[in-house]
Amino acid sequence: MSAPKYKRILLKLSGEALMGSDAYGINPQTIAAICGEIKAVADMGVEIGVVIGGGNIFRGMAGTATGMDRATADYMGMLATVMNAMALSDAFRQCGLNARVQSALNIEQVVEPYIRGKAIRYLEEGKIVIFGAGTGNPFFTTDTAAALRGSEIGAEIVLKATKVDGIYSADPKKDPSATRYDKISFNEAISKNLAVMDATAFALCRDQKLPINVFSIFKTGALKRVVCGEDEGTLVYC
């Protein structure tokens, strides 16, 4: 078995990843499979922070399209991420992993608030820390929250788990001639306006010299291969 290249990682999971083949919500088989992929990495001693999206329940931008106030819609989206974080924490429990949920919004009867020092202590104790409610502020995506939390906890890399196996020159579902990048610089990704992550997240990671790897969470063993430094997905570098 290969040794892990990274000691501490920040994993960004989209809410849509939890849906599986369903149109909405959380698919039990899918979340169990994702936990299995994460457990394989945790069992190697890697410290794992997770930022979870909420698009399987509510997406702020979708709310604004119907005339909803943007800040209100974004706060609703943040609450959706807390629901996903709780579901993920329980799924970890069922597969034998110890996890803690921290929320950027105060919901203390349900989950504990985000406290950086406590999060780092949990990681050092071998617990998985799931960060809910994004940054706690409207107008910022959960991708930006992943860049922020990754920087705060001293992660060595941000791993963005998606439905596709990397960053493409165009949407591979719409353009059959689209090609996948093995590596791409932050500046090139920003200048090409590649939609896999927003520019704010790219810029923050670039400024902190925090690399990003974009890969498919549905490709068995892909997460472990990325953590072990094998060629998987697309690496975004400084």
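Here the Cβ of each residue, glycine as well, is placed from N, Cα and C on the backbone.
Within GLY54, GLY96, GLY117, the residue that Swiss-Prot lists together with ASP74, THR135, GLY136, ASN137, PRO138, PHE139, PHE140, THR141, THR142 for binding UMP is GLY54. Of all residue pairs in the UMP-binding list (GLY54, ASP74, THR135, GLY136, ASN137, PRO138, PHE139, PHE140, THR141, THR142), the one with the greatest Cα separation is 15 Å apart. With a cut-off of 8 Å between CB atoms and residues at least 6 apart in sequence, the same chain places ALA104, THR144, ALA145, LEU148 near THR135 (UMP binding site), listed in sequence order.
For the ATP site listed in the record, the two most distant Cα atoms among LYS12, LEU13, SER14, GLY15, GLY55, ARG59, THR162, TYR168, ASP171 lie 24 Å apart. Distances between the Cα of GLY55 (ATP binding site) and those of the binding-site residues ASN137, PHE139, THR141 are shortest for THR141. For ASP171 (ATP binding site), the same-chain residues lying six or more positions away in sequence with a CB closer than 8 A to its CB are ALA178.
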